[in-house]
Amino acid sequence: MLPNLARHTRCLLHSRVSRPFNTIRPRFISNQRHPYRICVVGSGPAGFYTAESLMKMSSHHPSKGIHKKEEESITIQNVPSFNSNSPLEYTGAVQHEPSAAQTDLDIRVDILEKLPTPYGLVRFGVAPDHPEVKLVQKKFEELINDKCRFFGNITIGKDISIDEIRKNYHAVVYAYGAASDRTLGIPGENAEGVHSARDFVGWLNGHPEYRHLKFDLSGQDAVIIGQGNVALDVARMLLRPISELQGTDITSEATEKLKESNIKRVHILGRRGPAQASFTSKEVREMVNMTGCETMIHPEEAHLNEESQKELSGNRAMKRMVELLTSKSKKWDGKIDENASTRQVFVRFLKSPAEFKMEGGRVKAVLCNETRLEGKEGKQRAVNTGNSEEIPADIVFRSIGYKSLPLEGVPFDNASGTIPNEAGRIHSDGTPVYGSYVSGWLKRGPSGIIGTNKWDAEETAQTIIEDITKGHVEAAASLHSQGELGGLHGFDGFRNKVEERGVQVVEFEDWRLVEEEEDKRGKMAGKPREKITSVEEMLQLINSAKRAKV
């Protein structure tokens, strides 16, 4: 028999006119006898912003809030693997009656992460020469206390199953981002020297999973396929004077590799025109003003047709970006000057990669079909003209977007690369799955700036609170816990199991020991921090520091 679920049926909603999400400041009719325990899978911006929004809705948490608005495009989160065959059961059949006592919700949040380090793409996906974007880590840090906890070095599906998690929480929020990247599907894509931009940025930032990657920068021509901010990040890191990177948190190994680089020219390719590029003015301005580098554009490729002009007339931000790019770039006649005194970025429009040309198994050029735009305003597509061009390429970076990976037992839409949901509540075949939620890129797709995840997380948190007030969350949790709602202990309910399986759990204070050592090494090297790139070294450092304190 289910326990009494007559709880939490009334809340006040304060709507925002400026955007479509509501912010909840709840006061509930409730006789709550136990905390609501919520698990957030993933410790990147989506995970932390979701935790922050939930804690703000609990009067027991002195959250200072996370208010900084970042203006940077970003890469990815780590995805834990799952191994569960159990369905998500409860779909909302239980009805409730309100009770009389009034109180605030007591919400407890545990954030689980695959790596020993928190912050996800803020730590590993932001270009090293953008340290101001990484300052949000300090705001995330303020959130951690005994009611909002971090547990790292845990791979879901290996160290703990999704079923074991569900049995110990009222709700689970999946916020692990996009761990894979889209591919072109053209001949030669597996050639040596063809990389993803995500891997390169992760390597620059000391991501443990990319520390062993090798990038051959001995040639003179690099090609980047894709025209978003990540493509500009890669171009900047390849061409920026090394003296301007030495004061950043780029790894020492990457610094030494870039010192030896012979790259003189970077070609950034896009299938459509400048009006359809996904650059922002901030990143374009950095590129066109980069020391010792020229930005080159072919006038015919940058020509705006009538429909593109209409698109820009209705989008002031894009219009400013295009005007900045075209006015500050040098007009290029299509001929490569091998003796140019400066490094060069060639922004190429109307070029669709068709094949990677190889020599001895290594990429040497990108064969591109020349395109033209057809279609109405906002719906223009690139159509092959029948002409082609070979662009020299000693190394290639694919930067055409990211995709999330599915978890066994959790609904997933392969076409969109997201978990089906309505306002963050997971749906299975159109039916809401109460107690299971999603936030961030996994919810809406891999797009937006870091701040976009904040607004997105607020909506998901609001949905969770609404489901709590209607009793859906407790009803779903009771099915997983056999009605023992008061026995839901969150991470403490399965910590022993995890440790018995040989896992060294990393709590936030353990992570701080790693951070302190990184800061110490960075100070000696004249930089903000020297990142430790080995998980094994991190764990050894934590153990040694703990023994020293005994």
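Counting begins at 1 with the first residue displayed.
Each residue, glycine too, has its Cβ placed from N, Cα and C.
The FAD binding site feature in TrEMBL is assigned to Ala46, Glu113, Leu121, Ile156, Trp441, Gly448, Ile449, Ile450. The 10 Å shell around the Cβ of Glu113 (FAD binding site) contains 28 further Cβ atoms across the protein chains shown.
Per TrEMBL, NADP(+) binding site is recorded for Gln227, Gly228, Asn229, Val230, Arg271, Arg272, Glu283, Gly448. Cβ neighbours within 10 Å of Asn229 (NADP(+) binding site), excluding its own Cβ and spanning all shown chains: 22.
Sequence annotations record features per position, and here TrEMBL assigns domain 'FAD/NAD(P)-binding' to 36-240.
The binding-site residues examined here are Ala46, Ile156; by Cβ neighbour count within 10 Å, the least packed of them is Ile156. Counting every protein chain shown, the number of other Cβ atoms lying within 10 Å of the Cβ of Arg272 (NADP(+) binding site) is 19.
In this structure, Ile449 is the one among the binding-site residues Leu121, Val230, Ile449, Ile450 with the smallest number of other Cβ atoms inside 10 Å of its Cβ. If you count neighbouring Cβ atoms within 10 Å for each of the binding-site residues Gly228, Gly448, the highest count belongs to Gly228.
In three-state terms derived from DSSP, Trp441 (FAD binding site) belongs to a helical segment.
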